[in-house]
Amino acid sequence: MANASKTQIIDYEGHIIDDLKEWMSDNGLSKLGFNYNVIAILGSQSSGKSTLLNNLFKTSFEVMNTKLGHSQTTQGLWLSYDKFEDELAGGSSEGTDAESKNKSGDKPVVNPTLILDVEGNDSKERGENRLTFEHRSALFSLALADCVIVNLWYHSLGNFTASNYGLLKTVMEVHLELFHQNVNCPKTILMFTVRDWFEEFAPLDVIREKIIEEYVNKIWQELKKPKSSKNAKVDDYFIIEVVGLSHGIIKKDEFLKDIKRLRHRWVYELRPVNYSRNIPADGFAQYCHNIWNTIVKQSQLDIPSQQEMLATFRCQEIKNNVLNSISGMIKEKIIDSKNRYIENFKTWAETDIIEKSVNEYLIDASRYQRSICLKTLEELLEAIFIQLQTIVDNNLNYTQRILSSKFSKELNSMYSVCTTDKGYFLLSSDKNADATEQDDNLSNMDKSGESAKKGNQSKCINLWSNFLYNADMLEYTTISNFYDQYKKCTIEIVEGSMASNESKDSQEKKNHDFNYKNSLTILATSIYKDTNRIRSVQCNILIERIRATIKEELKNVDNMLVTVKCSKDYWDYILKVTNKLEDYIYTNLSKCFVNLKIGINTTHLNNGDNIYARLNTNSDYGFVYSHNDHMYDFSDDENNNFDEIDTEIDQSKNDMESLFNSKKFEIITKQNKKEKYVSSINNDLTKEMNNKKLILELKNFYIEIIIDALKIKLDEISNDIANVIINRFESVFNYDEIEQPRQWRNVSVVELKNIFRVSKDYAFLIVEILQKNIKIDKLDKHLPNNFINTDIIEKGKSKAKKRIQEICRDAQYIQETGGQMSLKNVPFAFWVILLILGWNEILMFTRLFFRLNIILPMFMAFIIIVGSCLYTGNAQVLSYLNKIAFIVIKHSYNFYKHLQTVGNQPTKPEKVD
């Protein structure tokens, strides 16, 4: 039940009304802050309390109609207000309160007062249950009011009930109960309004002394005080005021004058400057609600606790309102951040979000307990930071994608010279050449192709030998750039922002650091994957180039297949080449392999926190880093949960030292980056190169590469064993000791047989040589004896035997014929005579060629056959062709006559009409 000027806050049944907050807001009271006061009135029923308030504060509380008889009028507790607009309009300057005027002194400033009209005690309507409600209402009034008016009649001062002695005792007991623990509690104004007082009866000073001595002090002495207030005086808790009011009917004019004087005293003398209970106006409704509920539940009413509870409630409410007001802006920015990088995030967040939110929050929340206000402010900022974290994550993810791509491109570009060069190593005769020597002196070298190739070779070896160092330094640069971008997202906030008397420059500032670990972990994962990928590619390039070098060095093995005469010479040569290659690889490329090869077991590197230990992982290019006794795997397994890992890392004190080299990250995160990061990887590699276990592992690896290439070469030879045998046979059969072609016309049959036998034995000796039937310690482990498949050998032998026999038959034929059937023995004059005698035939064949298409294929086939025989020197076929030519020439004349007869037949004459 409320209207524009008043509202009921506690009904007759003792239930609090929920619309108090709305009523205060509608009447412009919720924005007063602490600039208001509360006054409550207690007294017997029908003692004129509401009448007094209506006259004193211009309120409109219901009053008793005496014509209808005495009855209960005010039920429960009602609340109204007075803004003292008449005082403001009148511009009274009689007040002495310094706060009653504004800073310019032109117009008085009077805080509004909330007036609490309490149901009268000693009520017949409530009967025996009245004491409960009276105690509750008194307790409620004292918890709220700056001033409590005790309304009593002059003629009842000597009575117990009518003089409100029992009520006064209840008031003082309750006040002591409420505030005895609060040393700095505000004093409550206890104002006794003596109604129907006449100066003729007794001076006001006498009445004041009587009330103080016989009522206040006596009751105070009778009270059972707690130990903390045993020696306390009544003046420590109350300000006693006694006011005499004339009879409202008999001396109405005097009564109104007394009311006016009391009103003026309240406005300019009695009222506290601000609400003494330190409850802001916007929290007054909730404070009333909390106080009454605590009283009804018969709980111990602790005013500081209630104030703390109200402060918590209101600060939370204000915080939520602020969050609601800015959530729309943040959501729009979050959506925008999904599509692009948010520029000037720091300025936008500090000015449009943080500063605006803090100011909006402190306007109302700063009126409540400072500790709770600041605590809730931290919660507000934390809630804002949680929302802003999404934008920061999107910005950092955008940054990490760019940096990840840049890292990959730069590392790839750094090694592009090695990727494009597909050649082989030029083996240096200097065994002590420094594999990591810089190519600064290459400009002084010969500019020939070989020198340029050596320059590229030296550059690639230098790059490969420093791969981990280059990747480590590039990682440092990348992470440093990421951290620089992250610092652009940090927000500067002002500590102690509630201290309004401090300038912003004098207030301490601190940065809020957003969580960047998720984005940094993704970037680190990408760096490790790209590094391992490029590392693997470069390792494969290095191995392929070594294989090409081995293949180049094994070229002489093909030449030896024709000339070698014993197995020992052949395999000693292969062993020599193997040792040469192994020595070159070990001397010049060992550091390259330690940098590039994944899976090499090391001591100094794997046990450190450098990049090598993180890169030396599985083929999925995940990365592993250790922290204390825990191991975290960041491979691409779907079961891995980065959030869970992040949580575990957060629980660790030095979590970032696990992700990166601790010194590196310490340098990166320093505000003043004067210290330069120096990678220790090359020093660790130098120590590692003296590790005997590593040296043995590397040498075994080199031997495996060389043997693999050698096996491929030997497999090629095995598959071509027939041609190898034939070439060896021809090198002895067709040429004599001084490498001159043999003249078979001058060789006897016996000599031919001996030559054939020797050549055949020499040719088939290669099979025994290739089977490695001798012991070679270094190669036996990898290349056993008789390693060539028997089937391959037999097939090769069979094919070679056929060809050898053909070669021998040709030699025998030449030996028998003496070479007479060869076209080389036909006189040149024969060809001239053949051309002259066969000229007409050539012309006839030419004419037939243009008439009969079948002649062309036959002619072309003939030309091809003859040309092939001439080219290959097939004497047998050429002899057949010679015989055919002689037969054609012998019978050419008869053939020519026949053609002339056919050609000279007269044509049939045409008929003439």
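The backbone N, Cα and C atoms fix where each Cβ goes, glycine too.
Keep in mind that what you see is a predicted model, and the values were worked out from it rather than measured.
Under the heading topological domain 'Cytoplasmic', Swiss-Prot lists 1-825 (among others), citing sequence analysis as support.
Feature annotation from Swiss-Prot assigns domain 'GB1/RHD3-type G' to 33-288; the stated evidence is sequence analysis.
Taken from Swiss-Prot, the feature GTP binding site applies to GLY43, SER44, GLN45, SER46, SER47, GLY48, LYS49, SER50. A sphere of 10 angstroms centred on the C-beta of SER47 (GTP binding site) encloses 23 other C-beta atoms. Taken residue by residue with DSSP, SER47 (GTP binding site) is part of neither helix nor strand, so it is coil.
According to Swiss-Prot, the feature region 'Disordered' maps to 89-108 (among others).
Taken from Swiss-Prot, the feature region 'Disordered' applies to 436-455 (among others).
Predicted-model confidence for the coiled coil (636-659) is 39, expressed as mean pLDDT. What Swiss-Prot lists as coiled coil is 636-659 (among others), and the listing cites sequence analysis.
Annotated coiled coil per Swiss-Prot: 703-727 (among others), in sequence order, evidence recorded as sequence analysis.
The transmembrane segment annotation in Swiss-Prot covers 826-846 (among others), and the record cites sequence analysis as its basis.
The transmembrane segment annotation in Swiss-Prot covers 850-870 (among others) and is backed by sequence analysis.
Look at Swiss-Prot and you will find 871-913 (among others) tagged as topological domain 'Cytoplasmic'.
Shown in sequence order, PHE61, GLU62, VAL63, MET64, THR73, THR74, ASP117 are the residues of the chain, 6+ apart in sequence, with a C-beta less than 8 angstroms from the C-beta of SER50 (GTP binding site).
Annotated GTP site GLY43, SER44, GLN45, SER46, SER47, GLY48, LYS49, SER50; additional same-chain residues within 8 Å of its Cβ mean position, judged by their own Cβ, are GLY120, ASN151. The Cβ neighbour count for GLN45 (GTP binding site), using a 10 Å radius over every protein chain in view, is 20. Around GLY43 (GTP binding site), a 10 Å sphere centred on its CB holds 22 further CB atoms from the protein chains shown. Just so you know, the Cβ of GLY48 (GTP binding site) picks up 22 other Cβ atoms within 10 Å once every protein chain is counted.
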